[in-house]
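In what follows, a single structure is set out as structure tokens and then discussed.
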Amino acid sequence: MVNRKRSLQTNLFDFRYGKDDGTSEEYTSPPEEYDIETTGPSTTEPSLPEVTQGKNKAPVQAPISEVTTSSADPGKQAEIVKAFKYAWAAYERDAMGSDEYHPMSRKGSNLTWQGGVGFMVVDAIDTMQIMGLKEEYASARNWIANDLTFERDGTFNTFETTIRVLGGLLSAYHLSDKDPVFLEKAVDLADRLLVAFDTTSGLPTSDVNLRARIALKHVAPVSTAEASTLQLEFRYLSYITHEDRYWKKAEQAMKVIKTATTAESEVLVPIYMNADSGEFQKSEIRLGSRGDSYYEYLLKQYLQTKKAYSFPGQKKSEKVYLEMYEETMKAIRDRLIRTGFVKGLKYTIELYPEYRPQGKTTYRASPKQDHLVCFLGGSLMLGATTTGAYGLVSVPPQDGELTATGESDWKLGLDLVDTCVDTYESSATGLSPEIAYFWDKEKDAQDQDRDWYIKGNGRNGAASYDARYILRPETVESLFIAHRLTGNPKYRASGWKIFQAIEKYCRLESGGYASILNVDDVMTIHIDKMDTFFMAETLKYLYLLFSDSKDISLDEYVLNTEVAFSSSATAHPLPIFSPTIKTGFS
């Protein structure tokens, strides 16, 4: 165990390009006004700017994470870059500009018959910037500049369009030394999305028509994750444009959610809300689909605005998110964590409402854990070192550096990462199922060799739908965070095993990568889909897992969302900043 204190005045590596280097002026003065060129399609294809070391860094009052001594592994990084180039080359050959890619049939598809909005291209471009892929970046940037349009007369999901496209454009803008092409597109898109917030309560509707600029109000409710996972993108856009309307719209949604959680028993929230009334609807409580990123964004909103540290006597810019985060993490620890009977692994459960006489509702526990929940281990560890620390934290944290709550969250985070790794390493292929169930009765766990199982898999010789591996990123995200905060090489070893399994079972000879049907069958067949998150997140996190700890430092960046739905995920780095307007429901 190495005690490596983080210095208050560490020169943190600046992975931005050019002058946007996080100098003290950036954090103490309002941002520069932006100037958008609208003189027609761009004909230039700029090369990717060189990575430059930050200069004259402002003292970091309370660093979140990491030290500067965790070095990169260039050999493994090169293999991951090779995989990205292989995936991108197939997509570019067969489906350039399409929202989705089907590598087996070698074609693309869009989310509406009117055409797509660049989900695959925009989602992947900042991975190219981080990896230094100049040729691929120039191609993607050229398509965005000349072919991307939001004049699409179709239905687009507010949440997915925000996290993938708006988030991707904002990250690319930041990493490209403020290339106006990206900001012009981001502002255009955000202005079209704002109509989603024009509801009685201020919660956003699930869908918008981008061309007509109208919100589509359905009978169906909005998911909690949808309503609470737009904030990082709209807040950062307000910061760089001086347009506080984006911030106010997104913040109002969080205020409505806070108001709806009036009692301590309600901080674990149902997965659906009524967009007009602003009230929760009786529905499942879970950390997986339609709920996950609500819990994730409580921490990330707090961290995004720079003064997000819980040290005695220090001013907090958005304390409301700290309070909401701490309440919900306590409730998760108390109500949603169980222990397996075979290996003693910690896992999360879901709660399902059951209606009783006289209108009473009770909740039934289900030992079901989505792959999506595997973000939580890393998130808890990050929260422990930022909201649960007395002062500077070593890598890994030493005795006395974390509060009692911080210690609990840290230990639970470590345990949950181990559980998610086990769902990979204990399967036949070394890949994790989409959904795992855990043996919740000791008698059922007897003679089993793992704490979890895939419900219905192999019954009548057929693969269960839960047995799929769809190139998901959540576990490698937690491995990335765990390695940054501990320096323990076991997390890199686990990530490398996952990458090797992907190469063995998901790589197609014809180009690209495909999901597989059954992780417990080494002869499994492929599914004709390469989701955008494979290039946008899975390969990005794997690359960063083997990077120097100063690259995309957790002291300087938050990465946007996990997933509300089964098919959406991004990891767009957005810089931590000091807001220039009153925030936190002020």
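Each residue, glycine too, has its Cβ placed from N, Cα and C.
Taken from TrEMBL, the feature active site, proton donor covers E160 (among others).
Residues or ranges marked as active site in TrEMBL: D292 (among others).
The active site, proton donor annotation in TrEMBL covers E434 (among others).
For E474 (active site), other Cβ atoms within 10 Å of its Cβ number 27. Here TrEMBL flags E474 (among others) as active site.
What TrEMBL lists as Ca(2+) binding site is T561.
Sequence annotations record features per position, and here TrEMBL assigns disulfide bond to C374-C420.
Here TrEMBL flags 1-71 as region 'Disordered'.
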Which entry in the list of active-site residues, E160, D292, E434, has its Cβ near the fewest other Cβ atoms, using 10 Å as the limit? E434
For the recorded positions C420, T561, which one has the sparsest Cβ surroundings, going by other Cβ atoms within 10 Å? C420
Find the one among the recorded positions E160, C374, C420, E434 whose C-alpha lies closest to that of E474 (active site). C374
